[in-house]
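Asks: Here's a structure for you.
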Amino acid sequence: MAITKGNKIVLVGTGAVGSSYAYALMNQGISDELILVDLNEEKAKGDVLDLNHSIVYAPSPMEIKFGSYEDCKDAALVVICAGAAQKPGETRLDLVHKNVGIFESIVGNIMKSGFNGIFLVATNPVDILAYATWKFSGLPKERVIGSGTVLDTARFRYLLGEEMNAAPTSVHGYIIGEHGDSQLPVWSSATIAGTPIAPRLTDEKKQEIAENVRDAAYKIIEAKGATYYGIATGLARITRAILKNENVVLPVGTLLEGENGHDDVYIGVPAIINREGVRQVVELSLNDEEKEKFARSVETLKDIQAAIWS
């Protein structure tokens, strides 16, 4: 069966991340139909009302409604932001056992509707839950996408832009690996205007930037309870790449099948994104140190996968 076309989106989970994502979609005019699904019906219906009052000032018309899993039947994209929340001091990987069980139920209900589109997963630990979504759905790997390191990469580019006194949009570089503590910056390919950035920074400064990227979520959670604006905007960017068939490179969570020497793991890597999902993984030329760190990140995730699916 051909993949579902159109631009209807079903959002499962209207907490801080989900509602921020819905707001970003509306403000950017990415879709003309959005269905909100949440166990807390009153909260979701409140979001629907609030968002509909904003459409008057949005760039394009958009139909926003409360719905159910049945609405996934003809959806082009289902975005999952539902799950147990991350608590202060708790790592993303601490969440895994709680959220895999939740996802088995969510994905099962979505597939029962006849859904034949693309999944975009944002709930943490996102690499494990994207893998779980792929397992539970039975869909081809290219049609199950995790948010991967799209947010970590944004943080990296922002900090590099601050350091280089340049717009972050002019900085090119990636964080790859787990969306979590074992992630790594790819200094060997970070550039501005085609010029390598790494030689212009001390080892201490590079370490400081890497740590600030890695620890950003913990600092934000400690300060305000959760992170949501950054990831919501990143999800909107991935959504636009899918629905507009952009063939753009974004650092997302996708299944490796031999790329960079690894397989059977969902992990954050640059990939070409279009209307079919992940068209192709872009293999970065890593130096020996980066290869070693990436392998450790892969093993971190595989150890968790083994504990769940052994």
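Each residue, glycine too, has its Cβ placed from N, Cα and C.
Per Swiss-Prot, the features are:
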- V17, D38, K43, Y69, G83, A84, S105, A122, T123, N124, S147: NAD(+) binding site (BINDING)
- Q86, R92, N124, P125, V126, D127, D152, T153, A154, R155, T227: substrate binding site (BINDING)
- R157, H172: beta-D-fructose 1,6-bisphosphate binding site (BINDING)
- H179: active site, proton acceptor (ACT_SITE)
- Y218: phosphotyrosine (MOD_RES)
Asks: Measuring Cα to Cα, how many Å separate G83 (NAD(+) binding site) from the residue listed as 'phosphotyrosine'?
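Replies: About 18 Å separate the Cα atoms of these two residues.
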Asks: At its widest, how many Å does the recorded NAD(+) site span between Cα atoms of V17, D38, K43, Y69, G83, A84, S105, A122, T123, N124, S147?
Replies: 24
Asks: Taking the Cβ of each of the binding-site residues and counting other Cβ atoms inside 10 Å, which one has the highest number: S105, T123?
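Replies: Neighbour-count leader: T123.
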Asks: Return the member of K43, S105, S147, H172 nearest to N124 (substrate binding site) in space, with distance defined Cα to Cα and candidates limited to these binding-site residues.
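Replies: Among K43, S105, S147, H172, S147.
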Asks: For R157 (beta-D-fructose 1,6-bisphosphate binding site), which of the three DSSP-derived states applies: helix, strand, or coil?
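Replies: It is helical.
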Asks: Count the other Cβ atoms sitting within 10 Å of the Cβ of A154 (substrate binding site), across every protein chain shown.
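Replies: Step by step: centre on the Cβ of A154 (substrate binding site), count other Cβ atoms within 10 Å, giving 20.
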Asks: Considering the recorded positions K43, R157, H172, H179, which residue's Cβ sits among the greatest number of other Cβ atoms within 10 Å?
Replies: H179
Asks: Would you count the other CB atoms within 10 A of the CB of T227 (substrate binding site), including those on all shown protein chains?
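Replies: Summing over all protein chains shown, T227 (substrate binding site) has 21 other Cβ atoms within 10 Å.
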Asks: Taking H179 (active site, proton acceptor) as the reference, which of S105, V126, S147, D152, H172 (the binding-site residues) have a CA within 10 A of its CA?
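Replies: Neighbours among binding-site residues, in sequence order: V126, S147, D152.
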Asks: Compare the C-alpha of Y218 (phosphotyrosine) with the C-alpha of each of the binding-site residues K43, S105, D152, H172, T227, and give the closest one.
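Replies: Checking each of K43, S105, D152, H172, T227 against Y218 (phosphotyrosine), the shortest Cα distance is to T227.
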Asks: If you count Cβ atoms within 10 Å of the Cβ of S147 (NAD(+) binding site), leaving out that atom itself, what do you get?
Replies: 29
Asks: Find, for the listed binding-site residues V17, Q86, V126, the residue with the lowest Cβ contact count at a 10 Å cut-off, counting only other Cβ atoms.
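Replies: Relative to the other binding-site residues in V17, Q86, V126, Q86 has the fewest Cβ atoms within 10 Å.
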Asks: Within 10 Å of V17 (NAD(+) binding site) (Cα-Cα), which of the binding-site residues D152, A154, T227?
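Replies: Final answer, ordered: T227.
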Asks: Residues with Cβ closer than 8 Å to the Cβ of D152 (substrate binding site), same chain and 6+ apart in sequence?
Replies: I175, H179, Q183, V213, R214, P251, G268
